[in-house]
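Okay, so here's the structure we're looking at.
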């Protein structure tokens, strides 16, 4: 288990915009470019609740509640977090919170859905951003490194959840690996002609390499820059995957 890091507070881009297109990631995406895309608000003080305000449109209120819940879940974990904490952080009463989310698990699953969708969408964009397979590998690695490095800490809900024994949570967490690997396997299968099972195994291995190495890099304190770390692991992955011969059509 990687050492715990303090929670961060920047609102999650998947929650903040809900309908924002996935990040356009190519082989040359840098940390600065990623941050310019996702940072749309300041860095609130997580120790201070938001001031209580007037009525909001339902959609805006839901986004606000999700942002506050993310901060609390990242800082405390699911089991230690309470709906009281989330309501206080959002600056609303508990009845207002329960109008939007019947219970803590419903709130957690809504956050998890947004976080998982963000990773999957960005993997899709990365693979479609180029026809060069070396660049595809680099872009896909950058998806995971950018995700774990984002300041709101949403990756903890996906990769370090303390609720993976809950079937609904496990299903969503597994979906990230399954769907990202499925997209990568399609590319491997098309380009190499390998059987489905072999393509899928290679793809799952690449996804595992990306997310585990990214979390290890972050826990290590960042002695290697994000771009250098992602490039290093992309190089390792490419040296392995390029050894499989291409079909005559490629």
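Cβ coordinates come from backbone N, Cα and C, glycine included.
For 82-101, the entry in TrEMBL reads DNA-binding region. For the DNA-binding region (82-101), the predicted model reports an average pLDDT of 94.
Taken from TrEMBL, the feature domain 'HTH tetR-type' covers 59-119. Counted with DSSP, the domain 'HTH tetR-type' (59-119) comes out as 49 helix, 0 strand, 12 coil.
Marked as region 'Disordered' by TrEMBL: 36-58.
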